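Undergrad: In case it's useful when we look at the structure, here is the feature table from TrEMBL:
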- Arg162: active site, proton acceptor (ACT_SITE)
- Asp446: active site, proton donor (ACT_SITE)
- 8-63: domain 'Malate synthase N-terminal' (DOMAIN)
- 159-405: domain 'Malate synthase TIM barrel' (DOMAIN)
- 412-532: domain 'Malate synthase C-terminal' (DOMAIN)
Amino acid sequence: MAITVNPPYEADGTDLILTEEALQFIEELHAKFAGPRDDVLSKRAAAQEQAARTGAMEFPAETADVRKGDWTVAEQPQSLADRRVEITGPPAPAKMAINALNSGAKVWLACLEDALSPSWQNVVDGQKNLYEAARGTLQFTSPEGKQYNLRDDVPLPVVVVRPRGWHLPEKNITIDGERTIGALVDFGLHFFHNAKVLSEQGTGPFYYLPKLEHYLEARLWNEIFTFAEEKLGIPHGTVRATVLIETIPAAFQMEEILYELRDHASGLNAGRWDYLFSIIKYFRASGSDFVLPDRAQVSMTQPFMRSYTELLVKTCHRRGAFAMGGMAAFIPNRREPEVTAQAMDKVREDKSREAQDGFDGSWVAHPDMVDLCAEEFSKALGDKANQIDRQRDDVDVSAEDLLNIGAAQGDVTEQGVRMNLYVAVYYTAVWLSGNGAVAIHNLMEDAATAEISRSQVWQQIHNGTVTADTGVPVTTDLVEKLLDEEVSRLRSEINDSETFGKYFEPAADVVRKLVLDTETYEDYLTTPAYELLR
Ligand SMILES: CC(=O)SCCNC(=O)CCNC(=O)[C@H](O)C(C)(C)COP(=O)(O)OP(=O)(O)OC[C@H]1O[C@@H](n2cnc3c(N)ncnc32)[C@H](O)[C@@H]1OP(=O)(O)O
Ligand SMILES: O=CC(=O)O
Ligand SMILES: [Mg+2]
């Protein structure tokens, strides 16, 4: 086996991160786990096909004993006991890493997934920033001369790293000419460089695991953690993982996922945006009962979304794991106080509901929202660090409750179709420019929200959905026309040919193909987009 780095250009941090020993570790991970990764990935299509055909899904019969059994996950490490507010954001550029670390949050979810465009620069620089963050040496001077240093007046957040999902390759590192697996590169580099240092500091190598679709995928991660711990001579169970329940099949396997990872589990998170994306993906061809209203109308209080979060809290607390809330997409705008006030109110409402429902903490997308999230959770927690002891025996969620999608309140409108096309093109252009999250009309958009946008349009065309405002069906002709108009609108509104503006054309091409090709459905927007990314 020969591992090769084929850098498209020189990225900051290459010498520090891509050492011979680190690359050898990546190679060993691949030798052992690339095959099993291919196996779990290949099982996803059959599950999707069955869901689409039947319009149904069940709790797995073969694991009834796990659900009935009396077991808990390993005791939680002290450093993760209080997770009441977690800020999310990419670890590159360094400025954002430092801002997140200085935000006052308890945890920083350093995102190499939904919020990171995996350009070569971001992949390497992100690891460099995580390396320096672990050692307290991270600093940065902006081109304008603004100095960024880590605070020393308060404890910094515990870092929890989210590697890429199983589906994405890393094209710039190959083994025997084959692309490596993004998830193994991200996890492997971070673990290799930082696991010991972090453990010695009393925290540890902690991870968020995204987009799992089956408990066998959790089993695979557990095997990877065990192997990595043994390899570096670190005690079994040092790694802690919080799994995002953000696909519809995973919602039916929360118990099993925790069980598989029980020596390494910290909790589950309600990743609402990918969850909606997954519902659309799985049931995209199952008829009009599965067509959701416009994205903006699908709130967390829709009955099927409440069933999902209630089941998550119940499951976690029964098993001694943390239940982590998700992301309200409203973000403040420091230039517009009214926008900020509205965003704060909406996010406060969301965090307050989560805290009262029993979640142990939640996410915010922006440093200006850390305090309000902490406040809402502190009201529910009192003098405790978490509310794991709060059992939700009152909750009883059935398969039908999780799939009660047809009961969602709201409409599909032409305005909604337009907005989806606008956001999908805008976001893809930003992503191609090397930035994985962006504020569009005062909402945070990232890979998960953009996936909803483009998938809704595909599904609406496929089902011939009639829009409530204009009374006409969504067709390929209509979408082609709306797409052209929205791209023109983007060009006229955003005069930005230097950065992402120059990517509107390739982004529109990607989106056009994704939404108009109703014969095939691309599983991830980022798959074709990655071929254009440097
Ligand atoms: C579905 C999911 O997976 S949700 C989780 C994944 N998504 C994310 O993590 C998105 C996180 N949020 C962000 O990336 C950003 O908040 C954005 C892109 C939405 C908005 O960012 P901006 O347009 O830069 O916002 P704004 O101008 O108000 O930022 C003000 C300052 O806060 C910083 N900031 C904003 N959000 C963050 C963040 N999440 N982490 C660190 N710093 C941040 C900015 O860098 C800026 O710093 P500066 O004053 O030193 O220049
Ligand atoms: O990762 C989080 C989500 O909502 O998606
Ligand atoms: Mg997600």
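Note: Cβ is positioned from N, Cα and C throughout, glycine not excepted.
Mind mapping these onto the model and telling me what they sit next to?
TA: Within 10 Å of the C-beta of Arg162 (active site, proton acceptor) we count 26 further C-beta atoms, all protein chains included. In the three-state DSSP classification, Arg162 (active site, proton acceptor) falls within a strand.
The Cβ of Asp446 (active site, proton donor) has Asp114, Ala115, Trp273, Tyr427, Gly436, Ala437, Val438 as same-chain neighbours under 8 Å, each 6 or more residues away in sequence.
Residues in the domain 'Malate synthase N-terminal' (8-63) partition by DSSP class (helix H, G, I; strand E, B; coil) as 41 helix, 0 strand, 15 coil.
Counting residues per DSSP class in helix, strand and coil order gives 76 helix, 8 strand, 37 coil for the domain 'Malate synthase C-terminal' (412-532).
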Undergrad: If I take every residue in the domain 'Malate synthase C-terminal' (412-532) and average their pLDDT values, what number comes out?
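TA: Reported value for the domain 'Malate synthase C-terminal' (412-532) is a mean pLDDT of 96.
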